[in-house]
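Following: one structure in C-alpha cells, then a few remarks.
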Amino acid sequence: MSLLQVLREKPWQAQAVSASTSGGNVGRTGLKILLGVISVLFLLFFVAFLMRSQYPDWQPLAEEPGQPLYNKSALWLNTIYLGVASLMFQWASRSAGRSNWRTARVGMLLGGLFAAAFVGGQWMFWQELQSQGFLVNDSPALSFFYLLTGLHAVHVLAGLLVWLLSMLGLAGRLHRTDFVRLCTLYWHFLLLLWLVLFGFLVSKPETYDAIAAFCGLG
C-alpha cells in the first residue's frame, strides 16, 4: 500500500457504519424482547378471560341485541383507523429505506394521526358504553373488556410518544432508517394484537368453551 493510499483512507467512516449496524441490531433485539413481554402479558389475560368465562354467571358481550358489543360499527371504524396507520408507517419505512425522507415524513405524520384517531375512537366508545349503563364493574366480561382494550390503548399511546420523537428526528433529517423500521414493526404488532383482541372479545360463548376445552381450562 502506497503512502498516498494510506493518507486517503478514512477509518472513521468504517467505524460509523459499524456503530450504526450495531445500534440497529441492539434496537431490533430490544424491540423483540419488548414485543415478547407484551405478548406474554396479553396471553396471561386471555387465559384468565377463558377461565372466568367457564363460570355459570358469565355474560357474553356481543351475542344478542342489547349487549354492549352487539353493535360493532364503532369498533370496526377504529380498526380501520389502526389498519390505515399501519399502512402509512409501512409506506414511511419503505421511503426511509430509499432515503426519501420527505415522503417518509408524510407517511409518519399520517400514520400517527390515524393512530391518534384510533385512540380517540376507543375513548368515545368507552364513553358511549358508560352512558348506556355498561360500567366497568357490571360484569366480569365487561371488566375484562375495559381492562384489555385499555391496556392495548396504553401501548398505542406509548407508540405515539415514539412517533412524536421520530417526527422530531425526521424534521431535522437526523433520523435513522433503522429507527423508522422499528417504529413500523411496533405498529404492525399493535394492529395484529388488536385484531386478535377484537375477535376474541366478540366471540360467542361456544368459541370460549371450545378453546378452554382444547387448552384444558374447562
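Residue positions begin at 1 at the first shown residue.
In case you wondered, yes, glycine gets a Cβ from its N, Cα and C as well.
What TrEMBL lists as domain 'Heme-copper oxidase subunit III family profile' is 1-206.
What TrEMBL lists as transmembrane segment is 33-53 (among others). Here the transmembrane segment (33-53) has long-range neighbours at 140-141, 144, 147-148, 151-152, 155, 185-186, 189, 193, 197, 200, 205, 208-209, 211-212, 215, 217, meaning same-chain residues at least 6 beyond its ends whose C-beta is under 8 angstroms from one of its own.
Same-chain residues lying 6+ beyond the ends of the transmembrane segment (73-92) with a Cβ under 8 Å from its Cβ atoms: 103-108, 110-115, 117-118, 121-122, 124-125, 128, 156, 180, 183-184, 187-188, 190-191, 194-195, 198, 202. Residues annotated as transmembrane segment in TrEMBL: 73-92 (among others).
Look at TrEMBL and you will find 104-125 (among others) tagged as transmembrane segment. If one looks beyond the transmembrane segment (104-125) by at least 6 residues along the same chain, the residues whose Cβ comes under 8 Å of a Cβ in the stretch are 74-75, 77-78, 81-82, 84-93, 95-96, 149, 153, 156-157, 159-160, 163-164, 166-167, 170-171, 180, 183, 187.
For the transmembrane segment (145-171), same-chain residues at least 6 beyond its ends with a Cβ under 8 Å from one of its own Cβ atoms are 38, 41-42, 45, 49, 61, 68-69, 82, 101, 104-105, 108-109, 111-112, 115-116, 118-119, 122-123, 126, 136, 179-180, 183, 186-187, 190, 193-194, 197, 201. Positions annotated as transmembrane segment by TrEMBL: 145-171 (among others).
Same-chain residues lying 6+ beyond the ends of the transmembrane segment (183-202) with a Cβ under 8 Å from its Cβ atoms: 31, 35, 38-39, 42, 46, 49, 61-62, 69, 72, 75, 79, 82-83, 85-86, 89-90, 92-93, 108, 111, 115, 144-145, 148-149, 152, 155-156, 159, 162-163, 166. The transmembrane segment annotation in TrEMBL covers 183-202 (among others).
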